[in-house]
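S.K.: Annotations per Swiss-Prot:
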type: MOD_RES; residues: Lys6; note: N6-acetyllysine
type: MOD_RES; residues: Lys15; note: N6-acetyllysine
type: MOD_RES; residues: Lys19; note: N6-methylated lysine
type: MOD_RES; residues: Lys28; note: N6-methylated lysine
type: MOD_RES; residues: Lys71; note: N6-methylated lysine
Amino acid sequence: MCPGGKAPRKQLATKAARKNAIVVGAVKKPHRFRPGTVALREIRRYQKSTDLLLRKLPFQRLVREIAQDVKQDLRFQSAAIQALQEASEYFLVGLFEDTNLCAIHAKRVTIMPKDMQLARRIRGERN
């Protein structure tokens, strides 16, 4: 016991030493963003961009597959495939925008098939 009547103070480890002791013992968790943060970042990125979103070769195969039903051995210029892809993506982006508005109208943030069906029905599309 000390002459003043108090017990001697314990030495506290420095902040850096404590941090190192914790890090050495455990594996650091990877950083995770809150749900929706990455999605919003992707939405902003794709809204800024003007490039095509669908891969060219899979789209070209799809066009050729559909064209087979109309006529055998059809040939396409690359500019024709590109024009079809531009028009298709323009249509799909607009449809998804309308679908999102239908989901928001229903007080939801997640789009569902019924939202897309409603959007197409309002637009007057069939099938």
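Cβ from N, Cα, C; glycine included.
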S.K.: Write down the Cα-Cα distance for Lys28 (N6-methylated lysine) and Lys6 (N6-acetyllysine), rounded and given in Å.
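M.R.: Approximately 40 Å lies between the Cα of Lys6 (N6-acetyllysine) and that of Lys28 (N6-methylated lysine).
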S.K.: Where does Lys71 (N6-methylated lysine) sit in DSSP terms: helix, strand, or coil?
M.R.: coil
S.K.: Please state whether DSSP places Lys28 (N6-methylated lysine) in a helix, a strand or coil.
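M.R.: The residue in question, Lys28 (N6-methylated lysine), is coil (DSSP, three-state).
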S.K.: Let me know how many other Cβ atoms fall within 10 Å of the Cβ of Lys6 (N6-acetyllysine).
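M.R.: There are 8 of them.
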